[in-house]
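Novice: Below you will find the structure I want to go over with you.
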């Protein structure tokens, strides 16, 4: 049995078309959705991510604004700029690209973003509201994974789900969303004693640790759904995930590739969150 591929590019295309239609409707009413992206320093990976986010905005009828600062920018100046963006009615979403330079407290910066413009879903108000199932925004990567489950009719209610990774960006919110959908959730991490004992029981495995081959074929229950959130490089410098794709695809029922799986969905859900912020602002105007 070879697993069915969950194609993030195809699903992204569909969702971006819907986002573009919603953006056009808002723009016609004088409320073009606007996203501000703030980049501090010259991290090459961050520059690529920011470029992709700006392009996605431009391609789908969103207004986008990019602030690029040297890594010498002070924390106070960054906080002052966020305050300006919070008060700018043309901006509905604010995204500060992580990581930030060491002298800037990223927690303080993320908390400075107005919760109603926190399209990454990282503000403590949104992270906390996720516990009650009522956040203004859900973090983009796990939100995108949930859309993948939905698009492929993968049953979550009563399913045993294992999330490998406990980051605030993916692991924890992913576990909360699966729990909300009725799954029985286990979170595994670097201190987990016998990872395979957990994953072999799982109907769904989400790997999100940034470590190559953390999940191999012998660790997967036949027919399970495997979601690979990892972004790594193999020995040849080629992009790969956390999952041994070649082996696991022969055992799993569904699997996401890297690249072309979860990655495109993250930016797509950023657009969806931004359009929702703009629609709320327009309704309140």
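Numbering starts at 1 and runs along the chain as displayed.
Placed from the backbone N, Cα and C atoms, the Cβ positions cover glycine too.
The following feature annotations were taken from Swiss-Prot:
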BINDING   165, 166, 167, 190  NADP(+) binding site
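Could you tell me the structural context for the features on the list?
Specialist: Cβ neighbours within 10 Å of residue 167 (NADP(+) binding site), excluding its own Cβ and spanning all shown chains: 16.
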Novice: Excluding near sequence neighbours, so keeping only residues 6 or more apart in the same chain, what lies with its CB under 8 A of residue 166 (NADP(+) binding site)?
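Specialist: Expected: 172, 187, 189.
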